[in-house]
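Here the structure comes first, spelled out in structure tokens, and everything after it is commentary.
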Amino acid sequence: MQIYLDLLRRILDEGVRREDRTGTGTVSVFGHQMVFDLREGFPLVTTKKIYTRSVFGELLWFLRGDTNVGWLHDNNIHIWDEWADENGDLGPVYGHQWRSWPDDDGTIDQIANVVEQIRTNPWSRRHIVSAWNVAEIKEMALPPCHTLFQFYVTPDDRGTPTWLSCQLYQRSGDTFLGVPFNIASYALLTHLVASVTGLKPLRFVHTLGDAHVYLNHLDQVHEQLKRKPRHRPTLTVNPGIRDIDGFELSDITLTGYDPYPALPAPIAV
């Protein structure tokens, strides 16, 4: 997708050198937004291969409210291994905050709440889910990089709720390794929520705070920028699933994905 390559190019052209938590060093810009029209295909980067099983599986893991890598391992997904403790636990990360945000009266299921709000009060401006729980950050293996997202319902010409869009605010984006993953994950989430609320996916808006390229990814970025984006693939989800908790990997189908070869790079932990 050219819009993603434009972000990489902007970081190389305008970014500043900054030290970071991992000790690797980055080139970074602050404040960037990309808008993906989901009617034009699924926004999956084609200028390198993205392993979609990991993307789709991680999102379903979040939606399960899970914070242990056991389920991921059962599905041959190992993207969280570097942060898990000896028991496979990660602390109160995304799934916990999405499905079990602590409250004086118990816990709050933000995902169930937002799905119900979209169904019953589509014009609300409060269709928001947050993973940034300040009180629990110190207990998390990794504080949330993608921190808050909001849904927005658009009517058709007759005023009927028809289209669903999602905007993500991401405080920190590893633009070479992580951001393509995040784009695909939240585009998929938009498809899933649209499906169970009787809407159609319209747009995914990705707003980044610190968008950076690690210094040990620069060679891969230069190689990726030589590649011309190919057509977006098509995503379909099982329309028979009416509950956000009901989706399995087998309910998600991607067709027409024709990427360039992968560009391996080390992850900064």
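Each residue, glycine too, has its Cβ placed from N, Cα and C.
Per Swiss-Prot, the features are:
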BINDING   Arg21, Arg125, Arg126, Arg171, Ser172, Gly173, Asp174, Asn182, His212, Val213, Tyr214  dUMP binding site
ACT_SITE  Cys145  active site, nucleophile
BINDING   Asp174, Ala268  (6R)-5,10-methylene-5,6,7,8-tetrahydrofolate binding site
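This view paints the features noted in Swiss-Prot onto the structure.
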{"residue": "Arg21", "record": "dUMP binding site", "DSSP (3 states)": "coil"}
{"residue": "Arg126", "record": "dUMP binding site", "DSSP (3 states)": "coil"}
{"residue": "Cys145", "record": "active site, nucleophile", "DSSP (3 states)": "coil"}
{"residue": "Ser172", "record": "dUMP binding site", "DSSP (3 states)": "strand"}
{"residue": "His212", "record": "dUMP binding site", "DSSP (3 states)": "strand"}
{"residue": "Ala268", "record": "(6R)-5,10-methylene-5,6,7,8-tetrahydrofolate binding site", "DSSP (3 states)": "coil"}
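The number of other Cβ atoms within 10 Å of the Cβ belonging to Cys145 (active site, nucleophile), over all protein chains shown, comes to 18. Over all protein chains present, the Cβ of His212 (dUMP binding site) has 28 other Cβ atoms lying within 10 Å.
Considering only the binding-site residues Arg126, Ser172, the Cβ with the fewest other Cβ atoms within 10 Å is that of Arg126. In this structure, of the binding-site residues Arg21, Asp174, Tyr214, Ala268, the smallest number of CB atoms within 10 A of the CB marks Arg21.
Taking the C-alpha positions, the distance from Tyr214 (dUMP binding site) to Ala268 ((6R)-5,10-methylene-5,6,7,8-tetrahydrofolate binding site) comes to 8 Å.
The maximum pairwise C-alpha distance among Arg21, Arg125, Arg126, Arg171, Ser172, Gly173, Asp174, Asn182, His212, Val213, Tyr214, the residues recorded as binding dUMP, is 36 Å. Note on proximity: among Arg126, Ser172, Asp174, His212, the binding-site residues of the record, the Cα nearest Ala268 ((6R)-5,10-methylene-5,6,7,8-tetrahydrofolate binding site) is that of Asp174. Using Cys145 (active site, nucleophile) as the reference Cα, a 10 A cut-off selects Ser172, Asp174 from the binding-site residues Arg21, Ser172, Asp174.
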